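Report on the following structure.
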Amino acid sequence: MDPTVFNFRGSLHGLFTLVLFLFCFHQLTRNWSSMSRTRVGFLSDPETSTIKTPPDCSGLNKHEGFVSQCEFLMAYPQCNSEGFFNYLSFFYCSCQDHASVGYIVLIVWLAALFYLLGNTAADYFCCSLEKLSNLLRLPPTLAGVTLLPLGNGAPDVFASIAAFAGTDNGDVGLSSILGGAIFVTCVVVGTISICVADQSVSIDKKCFIRDVCVLMFAVVSLAVILLIGSVSIAGAVAFVSIYVVYATLVAANECFNQRIRGVLKVETCVPLLAVSQTDDPENLENRDLESENLSSAESDDVPHLIESKVPHWMWVSNNAIYSEVVGHGSGDSTNNPWGWEDDKSIQENKDSSFSCSKLFSWLELPLTLPRRLTIPIIEEERWSKGYAVASVTFAPLLLGFLWNTQQNESQSQLTIVVIYLAAAVLGCVLGVVAFICTKPDHPPQKWLLPWVLGGFVMSIVWFYMIANELVALLVSFGLILEINASILGLTVLAWGNSMGDLMSNVALAIHGGEGVQIAISGCYAGPMFNTLAGLGICMLIGSWSNRPETYTMSGDIGLFCSIGFLILALLWSLVMLPRNGMQPNRLMGIGLMVIYVMFLGTRLGMSIGSGSLDNAT
């Protein structure tokens with residue numbers, strides 16, 4: 001890695017760590033102050049200890065009847081953030097006389113949460129998906145329509161789930177998914193079209209029309225659900241099943257084509273996973289070696305993980321910019337779009353920046369160590385017996401902590417202690433087993449599925465924690481800036497989660513050839529998965545928790561406006577690309593950019609005109 005990039009990343013880690021310590025210190029002092037007030041009798045009066053429900057938390061900035069916003073928050077604790085840190089208390093109480101400092105700290109922490117989401121996907125979640133695919137020996141096509149979009153869309157999906165799981169924050173999740181879909185299909189596809197206009201690269205027509213039409217059908221189905229105003233468990237399952245049918249048909253079509261040809265080849269019509277392969281002698285030799293490794297793995301009783309057929313950067317395409325792991329390139333450092341280098345160049349860079357690397361590695365610990373100590377990793381180049389034992393030991397404790405924090409305050413103290421004791425006992429047992437059954441020089445060769453599933457589950461746990469904190473921070477920003485949180489979800493949350501798509505897909509397309517096909521396919525298959533799986537799971541969770549009644553969906557006219565502009569963008573691409581011989585051009589790209597600008601102007605104009613920009617419901 002280039003020393004300049006390394007120093008920049010280290011500086012960001014240091015800044016994020018400083019903000020993290022600041023919030024931890026504020027939370028500790030706030031809790032201590034609260035306990036002190038309770039002990040000395042500040043809340044002993046029944047009239048003052050009764051928590052009053054505020055009529056509208058948007059009146060925080062006016063704080064009528066109170067001297068300051070801080071006193072308003074102390075009187076109405078329901079208005080405080082629902083995350084691990086109390087952002088409103090930090091901004092209005094700790095930074096009461098220094099609002100600019102509060103804005104800077106909150107913005108830096110917002111960037112840190114986006115980074116943590118992407119980094120968790122790139123360095124932990126996608127690695128588990130890749131190992132799971134190899135362990136189950138999934139064909140590349142099946143992996144491309146199941147595990148791969150889950151890895152690429154994990155930040156968007158879990159951010160929307162966290163929004164729906166929160167109180168009255170479902171609009172944030174809906175706006176985030178729709179805003180991200182419009183951003184990707186307009187800005188990302190438009191940028192790719194402008195950048196590759198002179199390359200005369202053709203896109204596969206059959207696959208393009210199929211993916212765009214399925215995405216359009218999914219969006220229209222969502223519009224029908226919003227128009228009805230409610231969804232049942234059966235309706236949510238039917239919505240999710242649209243993607244299941246799509247993935248099944250794609251996988252079945254690929255298997256049928258392979259059987260007809262009689263030769264295992266990767267077709268360019270594979271969405272998300274169109275890795276090019278030529279029939280030169282070198283690739284044929286590599287293919288023979290892969291088949292030999294597969295046959296030897298099948299004949300062995302020990303379920304060894306064979307080497308993935310899919311390059312690591314393909315598995316984390318829209319999260320690769322967040323990855324800190326080097327050495328996972330496709331094998332050709334000269335053609336690697338993400339700058340990963342061979343061992344020799346890495347060593348030279350380490351030597352040239354040795355003075356800073358130690359400092360930055362220490363600054364990264366508060367961000368990486370908690371995840372490293374709770375997420376099992378069995379990659380060869382990242383294997384550490386100490387971390388492996390620690391991860392299986394502390395993972396149950398983290399789950400117990402989350403379980404206790406998500407329960408109602410009516411939960412007895414005895415139940416909390418029992419849960420922590422059970423988690424500690426389970427963690428100790430798993431830690432002892434891992435210590436006995438693993439070796440320090442290489443990852444385990446047996447019982448791989450529990451390790452891989454453990455990494456998969458704990459990555460999801462961390463996704464939920466980070467995404468829940470991100471939504472809580474956006475809701476706090478909405479109250480501070482007097483902006484409806486759904487508008488922030490439509491813009492800030494959608495932009496942050498889609499920034500990886502923009503940078504990675506554009507970089508992939510600039511390389512030309514199959515990269516353009518992969519990038520364009522991902523721009524439609526990704527939002528399709530996020531819409532069907534992300535929103536479908538959210539609706540399923542909501543309808544299940546509200547059974548036997550149906551789950552009420554938001555009928556905001558702004559959501560229908562977003563759906564309308566998304567359909568307009570899809571129709572524009574569906575008309576312009578075939579008209580130009582399936583070659584992206586500048587007219588198509590500029591048109592998509594104009595549609596996105598019109599969309600933003602319309603939504604902001606509607607919000608200002610209806611008064612919803614100031615948090616009115």
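Every residue gets a Cβ built from N, Cα and C, even glycine.
Nobody curates TrEMBL annotations by hand; they come from automatic prediction.
Here TrEMBL gives transmembrane segment for one range in the set 366-395, 516-545: that range is 516-545. If you look at the transmembrane segment (12-29), the same-chain residues 6 or more away from its ends with a CB under 8 A from one of its CBs are 84-86, 89-90, 94, 105, 108-109, 111-112, 115, 360, 363-364, 366-367. For the transmembrane segment (177-196), the list of distant contacts is 156, 160, 215, 219, 489-491, 493-495, 497-498, 501-502, 505-506, 509-510, 512, 516, 519-520, 523-524, 526-527, 530-531, 534-535, 559, 562-563, 565-566, 569-570, 573, 584-586, 588-593, 595-596, 599: same-chain residues at least six beyond its ends, Cβ to Cβ under 8 Å. Looking at which of 208-227, 415-436, 473-495 has the most CB pairs under 8 Å to the transmembrane segment (557-575), the answer is the stretch 208-227.
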